[in-house]
Amino acid sequence: MANGTSAVHKHSRAWLRYVIAVVVALLCEVVVFNMPHWKSVQASEPFAPAVTAGTGLRRMPDTGFARYEVLHAGAPNASDVSRGADNYLQLDTRGSHVDFLTLNLTLLQGGSGSRVGEVNVRLIAADSRFRAGMALPSTTVSSVTAPTSRLSVELTGSSPWVKVLIEEPAGTVVQVNRIIVNERVPFRVSMGRLAVLTVVALAVALALPGSWIWRRHMDDMSMSTWAVVVGIAGIQVAAILAILWLQSPWLVLDQLQGPHVLTIYQDQFQSLLNGHAWLQEQPPEELVGIRYPYDTSMRMAMGANSLENKAVIVDYAYRDGRYWCYFGILPVALFMYPCYWLTGIVPDTWMMVLACSLAMVPASYWLVRALLKRYASYASFGMLAACFLAFPAFTFMPLLIGDPGTYTLPNSLGLLLCVCAFASWLSACKNDHALRTPLLAVGSLLMGMTLGTRPTLSCSALLALPLFWPYLRQRRTRPRHWIAMIIPAVTAAAPILWWNQIRFGSPLDFGSAYNITVVNMTSHPWNPDMLPMIIFENLLRPISAKWRWPFIFPDTGTYYAYQSRISAYSMAGGYFSFVPLTVIGLAAAWCCMRADGPDDERLGVEEIGGASPVPMIVASTMGALLLCVLVMVVGGFNARYITDWAWLFAIASIIGLGLLDQSVRHFGNGIRTMARTSIGLIAIVSLLLVYWLAVCDYGPSVAHGAETLLRLRSLALPS
């Protein structure tokens, strides 16, 4: 009877932590994110101040609205509150006590040299109690749809005036209206934000010490464990759809006039329907007449620069007087033809990226489970759940759905094929030293198809060597196994190589050298001095964070110093900075590799089919480093290129985390609890960082990216 009562109390305490998590999430929404409302309730009486424009602003006549043009460029000296600056609106506060200042701000026209879609303002006041030079968060407003941003700034003190400084270049036109001092901030509950807070709180509750997920074996798939798996999958699907919704302002391409690289897959499909491989758009005479059209400086001298002459389409391949698509053909064959034959509709590129992202959810669970089953079979269900939850962060997949266009479709599809292929190969390795022939064939077919997406990803096929080496060494392979590995791969690769022959005259020429872009892609000079910079920028660079919205800022690093021929995009930090869980996994993997003799049993390094995790850890880690360097030398710096090699780091990290999890069973309860809880919490942090980066990165259109940040701001910041 006593044991029954104890079990009931234990069950009640288990549910209590989840109830507390939900309550904490609700309190955060009601109290923390509505703190401006609770503070404004106690504010002084609201009033509308008189507004006087400084000499640096000109009020535009005959508009009927308070629209101002910035006349003088340059930011003011914030510390000099006595003089201020002339690019200001002075608000007469009549010496009253000021608690809040609210105003509507709309960017109508950006000035020369300004960042499209952004306007920055700052406050200064005559009284030091206003903390002279206090910075407002940068306010991002889209100049395309011209929405209005309602600013609410908390102040403390009394002053005869407050100046709103417009820190933008000359020519900027802004509309400022509804300026109210001490306006009551409305109480607002964001259901989307509350849902995110609740999910994060429940995930933390699951990861905390004493949680049942760490006591279950990963093969113990009961109703509760399946509920966790389905819940994690639901979180990933919801995050994909949320990121897509945030980026939706620029998904509609009806404003594009004429051919554009963002519609190149649709152009390729239409050309194939018309019976030829080249694109229908004709190159301009300026490009045809150039002796060496791939030299950017020569195109510029001849008036055919790809950035100035709109007739030259950026990132179209040019050969023998025709335009070609150098992007992989597989998305056209895999998505467009079936969809067109079944429905008569040609899907947009973002739809295909969305399909790949959604398919990645079950594929990632398949790979994580197969990896742990193969190399850390005694791992707990909690480790399986943590790795599955963090897999989008491991692979940087959210950055692809955050920019669902032509450039990310090959990455999305190629990554999906690699994950499924390797998971199929892992599943083909049975514990009884036998191989499942059908799964071998499926994996080889999928790996061969990667040639039609990102040829770089095809190098991942080399992972088959450490995976199947024990079977080769022990002579457990049969002719049917070799046939299953070779024939499907050749079947998938042969049409792609034939397509290369048609386009560029060689089966192994994928066309990157013919790309008409901002740099010369026909040569890739290598300087060993670049290696430290490559490693630092891609892996180790700290996150570019600032204490203002949106907190993470993609910016240019020191790598521009030697970017004379390769392209470089803004990056907000290195891979390890955003995914610290990878560092822990790699450290655990290499520590477990050093164990030998009797310590093997203690560390949980289990021999399965004669296989040790050491070859796979070494191969995947070294492969990731080599691809990191290769991709940078060929393509330059870009956050989406990280997906080419990040998943290889993920393989080594997941193996290391699994070995660490099954090894801590032999240590004390305190060490075991601390290690597992830390891994669970760091997995949550890694996932949140990468998701935030996916929506903070401005993508292909800064103006539409500004609209994205406006949507995100309404969800993330207090009312």
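Cβ atoms are placed via backbone N, Cα and C, with glycine included.
Among the features that TrEMBL reports, transmembrane segment is placed at 15-33, 194-214, 226-246, 323-343, 349-368, 375-401, 407-426, 481-499, 572-593, 614-639, 645-661, 673-694 (among others).
Panel annotation: around the transmembrane segment (572-593), residues 390, 393-394, 396, 536-544, 552-555, 603-605, 613-614, 617-618, 621, 639, 642, 646, 649-650, 652-657, 659-660, 663, 678-679, 682-683, 685-686, 689-690, 693, 696-697 of the same chain, lying at least six beyond its termini, place a Cβ under 8 Å from a Cβ of the stretch.
The transmembrane segment (194-214) and the transmembrane segment (645-661) are not in contact, since fewer than 3 Cβ pairs between them lie under 8 Å (pairs 6 or more apart in sequence). For the transmembrane segment (15-33), same-chain residues at least 6 beyond its ends with a Cβ under 8 Å from one of its own Cβ atoms are 189-190, 193-194, 197-198, 200-202, 204-205, 208, 211, 717-719. With a threshold of 8 Å between CB atoms, the same-chain residues lying at least 6 positions outside the transmembrane segment (645-661) that come near it are 368, 371-372, 375-376, 379-380, 382-383, 386-387, 391, 394-396, 415, 418-419, 422, 460, 463, 575, 579, 581-582, 584-592, 603-605, 613, 616-617, 620-621, 623-625, 627-628, 631, 675-676, 679.
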